[in-house]
Each structure stands twice: as structure tokens, then as C-alpha cells.
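Reviewing the structure listed below.
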Amino acid sequence: MAKITVPVHKGEVLTATVADLTYEGNGVVKVDNYPVFVPYVLPGEQAEIKITKVTAKFAWGELQQLLTKSPDRVEINDARYLKTGIAPLGILSYPAQLKFKQHQIEELLKKAHLDELKVAPTMGMDQPYHYRNKAQVPVKYMRGQLQTGFYKRGSHDLVPIEDFYIQDPKIDQAILVVRDLLRKYNIRAYDERTGRGCIRTVMVRRGYYSHEIMVVLVTNTKQLPHAEEIAAGIVSGVPEVKSIVQNVNTKRTNKLLGLENHTLWGSDTIHDQLLGIDFTISPLSFYQVNPQQTEKLYQTAIAAAGLDGTQTVIDAYCGIGTISLAVAKHAKKVYGVEIVPAAIEDAKQNAKVNQIDNAEFVVGKAEEQMAKWQKEGLKPDVLIVDPPRKGLDETLIDAAGKMAPAKIIYVSCNPATLVRDLQRFASVGYHVVKPIQPVDQFPQTPHVESVVVMERA
Ligand SMILES: C[S@@+](CC[C@H](N)C(=O)[O-])C[C@H]1O[C@@H](n2cnc3c(N)ncnc32)[C@H](O)[C@@H]1O
């Protein structure tokens, strides 16, 4: 095999101008068209870069010295937010972050030869910090005691952190109360190398409107020593707590939560509201993490659906029924499908509590259920899909084509799979009729959510 020559070598220091920013928020420097990825630099900046890793197709570099600064650069007061996955875009001013997200989608469309599609400016937040209503914090024994924090990007090295910058500060305070109790009762942190130890993760959720707090202690063992004392300590240290749950995860996996929950104190669930509808949230259910932006996202999707109370709507990947129930007010009938049984139980309960009787929920894989509905002759006027990052299964798109709804609303959390799926929808007769609307659900990170409206050609 011919030896591949690359234009840089490990350890080399070069001076270069940053050409671009990747979807993950890393700077890109080109050496004879060969890309070098460099964290913490921005397009247009000149920098001294040390090459740290070389492969046949690309290299990684480390910023040594910044020679010129981009006007979009902002100072971030704690470098740990950049080094962890907390705020990888933290050096980019917020208006520039919003443009970056719009540009990300435009670039992907261009690569897919869909450049005729327009992308609207990203809908941002007034206060793009402290927005998350949920934290999942790893626990580790280090520096002589149990620590909570966040992993360094691309690793499982814990960086102890007390102010998480993008989380609701009340959640940060609750984590510290839990951490101190775990220390006080000498609870052993889980060690993923040996598979030993007890506490793996602390999860905290807080209702944006309700202010109800749920604390979930994820353990590697069936028993949590001093469970009663710990629960009592949380009750006295976290005044808004409504639910304390032990989740057992004995598997040696990267999955954070197991399937077994034991309520240690209070209720099994908490509540919150979205667009005036009350939602029950269980430890395992998916619930959007940025409630303020979620309301904007759903309002955009609902307005795009153009409902007048006469339509039948399918909400595929419905979670606990948030979109379905918000839509039900404006539709004749809504069908929701979701893979997690507990989420569907919550969805049904949510419908009851809100006295919504025109929504029906089914547990199942959206792709299988859509094909089943299609065979049964269900003819929705509007199909809403809100899949996870991997996007839609082709079976679902085929079934959608056969069901022929007048409108399809695609809520996407991954522009790459969105663009792929838009091409597939085109092949079953759907085209995009409005500019794609990005909504910033995750300020300070490169993630972007978007709403796309399609109609039959
Ligand atoms: C991005 S979330 C959207 C949830 C909901 N629409 C919301 O906004 O809260 C995607 C949901 O799809 C569910 N899911 C993942 N794969 C699925 C599949 N094959 N079929 C049905 N649901 C699935 C997940 O459990 C999750 O609740």
C-alpha cells in the first residue's frame, strides 16, 4: 500500500488562521487542504497551534497562543466550562452562536444539494445561562473524597464543579446538599474500572413553573446505605424537594439510569407546566430540558400545523405527550406513539389530569406503529415527528407517504439526520414550504433544534 504523507507531524508548532468551526464547535485550520481540528479557537483568528494527534485524514491541535482575536470572542470566567461538555461554545458571543447554528443547517443543506431551502435566523433566549431544568451529574472518589462534577470532553475524567453555568441554580444547590450527605454517610462512589462502589450519578430535575424538585440517586447496588438518613437530609436541605428516588443500575454500561426505581421519600413523580398544560414527570421519562425555549418550539410547530379543530394529528415520538396535548386543544383527535412504556403511562395520566379526551397514546416503535396505522386505514391530516438524534426510520417515511397527510411537521434535534430525512421525504412526495426555523434549546453548546414544515408536492 502506498504510504500516505500528511503535511504535519506530532509535536510540530504552526502558525495558522482558523478557517471554520465544526458542528461540534472545534476550530478548523487547513494545511494544504488537510484539516487540523483545534478546540477553543474561532474562525478568522490567527493562532500558534501544537499538533497533538495525526491521522491519515485529519489531525488534532492544541492552542498555544492566540495571535489575533475574533470580534465574536467573549471571555468566559471559568475554563472548566469549555473543557467539559458544559459550554463548548462559551467563547462565542451569543448572537454569533445563533448565527453559527443557522449556518450549520445551511451548510448541511448545501452539501445535500438542497441549497434552495431557506433557514430563518435562530430563535434565541434573553438569558442564555442557567436554563436547564435537569442535571445528571457523575460521582467519583478523587482528591480524598467523593466529588460531583462533569466529565472532561471525550473522557471519563471528572472535573469537580459546583456552579454548572447552564443549569437552574437551585439544581446546583441541591446537588451540593446531596454531595455533602453522601460524604457525611461515607457512601462509596462507583468506580467504573472495578465495577465496585455504590453511587454512580445524581440526577436532579426542577419544574420551571412548579418549582418542584426531584432527586434521583443512581446506585450500582440494590441497597443504598443510610437511605433514610440521606433522604431526611435532602428534605431538610432542599426545601422544594417533592420526590426522592433511588434508581438501581447494576450494569457496567455508559447508560446512566437503570430500569428499577424505589421512591425513598415523597411522590414518585413531579409536575410542571408547558403552555399551561400540567405534566407529570417520572425519573425515566424524556422531558425537554429548556422549558422556556420548548414553549417557543412547540408554539412554532403548532402554528405551522395550521389547526382549526377539525384535523386528525399523529404525534410520533411523543414522550410524555407534551406536543400531543398542546395540539389536542386545536385538533379533532390526536394519536401519540412512544417507545418508553412509562412515558406513555405519564402521557395518559397527563391527558386525564388536563381533562383532554381527544388524545390516544400507544406504546411502540414509531416506525412499526405508523406502518400498522397505515394498514388499518388511519388518515391523519397532520403528522408531527420529533425523533431522537438518529432521526427517522425509512419505514416511517414510507408509511407517512402512503398515509398522505396534508402537512408534516418535523421537529429535529440533529440537523444532519434532518437533512437526510428531508431527502427521503422528497422521494415520497413532500417538499419544505417555509424557511426551516432553528430554535436554540441548548445555548453555549453546538446543539440546535429546528422545525420544518412540509406539504405534499
Ligand atoms: C426528542 S424526544 C421527543 C419527545 C417529545 N416529543 C417531547 O418533546 O418531549 C424523542 C422521543 O422518542 C422516543 N423514541 C426513541 N426511539 C423511538 C422509536 N423508535 N419509536 C418511538 N419512540 C421512540 C424517546 O423515548 C423520546 O421520548
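Heads up, the Cβ atoms here are built off N, Cα and C, so glycines get one too.
What TrEMBL says about this one:
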{"type": "ACT_SITE", "residues": "Cys413", "note": "active site"}
{"type": "ACT_SITE", "residues": "Cys413", "note": "active site, nucleophile"}
{"type": "BINDING", "residues": "Gln288, Tyr317, Glu338, Asp386", "note": "S-adenosyl-L-methionine binding site"}
{"type": "DOMAIN", "residues": "7-65", "note": "domain 'TRAM'"}
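Distance between Cα atoms for Cys413 (active site) and Asp386 (S-adenosyl-L-methionine binding site): 8 Å, as a whole number.
Taken over all pairs of the listed S-adenosyl-L-methionine-binding residues (Gln288, Tyr317, Glu338, Asp386), the Cα spread reaches a maximum of 15 Å, rounded to the nearest whole number. Across the recorded positions listed here (Gln288, Glu338, Asp386, Cys413), the residue whose Cβ sits among the most other Cβ atoms within 10 Å is Glu338. Within 10 Å of the C-beta of Tyr317 (S-adenosyl-L-methionine binding site) we count 21 further C-beta atoms, all protein chains included. Counting residue by residue with DSSP, the domain 'TRAM' (7-65) contains 0 helix, 33 strand, 26 coil.
Residues Phe286, Asp315, Cys318, Gly319, Thr322, Ile323, Pro387, Val411 surround the recorded S-adenosyl-L-methionine site, their Cβ atoms falling within 8 Å of the Cβ centroid of Gln288, Tyr317, Glu338, Asp386, which are themselves excluded. Glu338 (S-adenosyl-L-methionine binding site) carries a strand DSSP state (E or B).
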